[in-house]
Every structure is written in structure tokens, then in C-alpha cells.
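Trainee: As annotated by Swiss-Prot, signal peptide applies to 1-31. Sequence annotations record features per position, and here Swiss-Prot assigns topological domain 'Extracellular' to 32-126. The disulfide bond feature in Swiss-Prot is assigned to Cys34-Cys74, Cys37-Cys48, Cys65-Cys91, Cys100-Cys115, Cys119-Cys124. Taken from Swiss-Prot, the feature N-linked glycosylation site applies to Asn64.
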Amino acid sequence: MWPPKHAHIGWLSSLALVVLLMSLQMVMVSGIECYVCDTSDTEHPFQCGEWFERYDIPDIQPQNCSSVHGAQFCVKHVGRFEGGIGAKRFCSSKDMGNYCDYVRNKGDRMDYRSCIYTCDTDGCNAAGRLELEWGVAAALLTLTWLLRH
């Protein structure tokens, strides 16, 4: 008779462990969900601007990033793409950082601001980081106050 009586608890513990590991694997496979869009998309050209319209409730929904090997991050890239200024949102396996820079491509007569925002929670690449903007505002208010006193 299987399992033997003395191995009953060990057998149930092993079965429980296998079920637990399988359920954890399923959670890990689901991965991060990010907004994935591009302003150069001709079917829906206005769904992927720098800011989502309609009070930040976008027409698109975050997508599962399981098709990107090792995806752990969502990225929002704002800059000049294919002749126009716009945004791209995508899944990434690399932390690309958070920074802005001025870029001049070959043939350009001026510099264009290009920004990268990287985050690691579901749907976090909807907008840029507000902390940076609030920090700049606080610094300007402090400077204004100091100059007046």
C-alpha cells in the first residue's frame, strides 16, 4: 500500500512543498506589467504622448512583460523619434536609470531634450517622476524666498 503509514506525514509535506513551489513559479512567470506604446504608431498616434490625456486615465492598459526575457522594469522614454517629438513606453530587463539629456542627431540644427524614466512596479511608466518636479519647485520657492529676505 502506497504511501507507507510511517511515511504519510513526509509524503504529504513533500506534496505540499511541490504545490507551493509550483504556485510560486506561476507568480514569478507572470512578471511585471508595463504600458507598451509608441507615438509613431499610425493606428493610435495619440495614445502615447508624454502625458496620458483624460486626467491620466489612458486608453491603453498595462501589458504583461513575460515576452521580454528577464523583464523587471518599465521604461518611459521621451524625446525625438523618427522625425517627431514623442514618447515610447516599454518593458526592459535593464534598469536604464532616470535622467534627461540634450541630444543633437546628425542633420539637426538644434538640441532636443530626451528623458528616460525607469521604474519597477506594475503600470508605473504612465507618467514621469513627480518627485523630481516637486523638488525643482521647492528649490525655486526657497531661492525666491531667500532673495526677497
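Glycine too: its Cβ is placed from the backbone N, Cα and C atoms.
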Trainee: Report the nearest neighbour of Cys74 (disulfide bond) in space among the recorded positions Cys37, Cys48, Asn64, Cys115, Cys124, comparing Cα positions.
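Mentor: Closest recorded candidate to Cys74 (disulfide bond) by Cα: Cys124.
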Trainee: Would you list the DSSP helix, strand and coil counts for the residues of the topological domain 'Extracellular' (32-126)?
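Mentor: Secondary-structure composition of the topological domain 'Extracellular' (32-126): 7 helix, 37 strand, 51 coil.
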Trainee: Let me check the 10 A CB neighbour count of Cys91 (disulfide bond). How many other CB atoms are there?
Mentor: 25
Trainee: Hey, of Cys48, Asn64, Cys100, which of those recorded positions are within 10 Å of Cys91 (disulfide bond), Cα to Cα?
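Mentor: Taking Cys48, Asn64, Cys100 one by one, the ones whose Cα falls within 10 Å of Cys91 (disulfide bond) are Asn64.
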Trainee: Can you tell me the CA-to-CA distance separating Cys48 (disulfide bond) and Cys34 (disulfide bond), as a whole number of Å?
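Mentor: Between the Cα atoms of Cys48 (disulfide bond) and Cys34 (disulfide bond), the distance comes to 13 Å.
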Trainee: Roughly how many angstrom lie between the C-alpha atoms of Cys65 (disulfide bond) and Cys37 (disulfide bond)?
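Mentor: Checking the Cα atoms of Cys65 (disulfide bond) and Cys37 (disulfide bond) gives a distance of 13 Å.
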Trainee: What are the non-local neighbours of Cys34 (disulfide bond), defined as same-chain residues 6+ apart in sequence with CB under 8 A from its CB?
Mentor: Pro62, Gln63, Cys65, Ala71, Phe73, Cys74, Val75, Arg89, Phe90, Cys91, Asp122, Gly123, Cys124, Asn125
Trainee: Rounded to a whole angstrom, what is the C-alpha distance between Cys115 (disulfide bond) and Cys37 (disulfide bond)?
Mentor: 16
Trainee: Let's check the environment of Cys37 (disulfide bond): how many other CB atoms sit within 10 Å of its CB?
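Mentor: Other Cβ atoms within 10 Å of Cys37 (disulfide bond): 23.
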Trainee: Between the recorded positions Asn64, Cys100, Cys119, which lies closest to Cys37 (disulfide bond), Cα to Cα?
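Mentor: The answer is Asn64.
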Trainee: If you draw a 10 Å sphere on the Cβ of Cys74 (disulfide bond), how many other Cβ atoms land inside?
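Mentor: Cβ-Cβ neighbours of Cys74 (disulfide bond) within 10 Å number 26.
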Trainee: Please report the distance from the Cα of Cys119 (disulfide bond) to the Cα of the residue listed as 'N-linked glycosylation site', rounded to the nearest angstrom.
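Mentor: Taking the Cα atoms only, Cys119 (disulfide bond) lies 15 Å from the residue listed as 'N-linked glycosylation site'.
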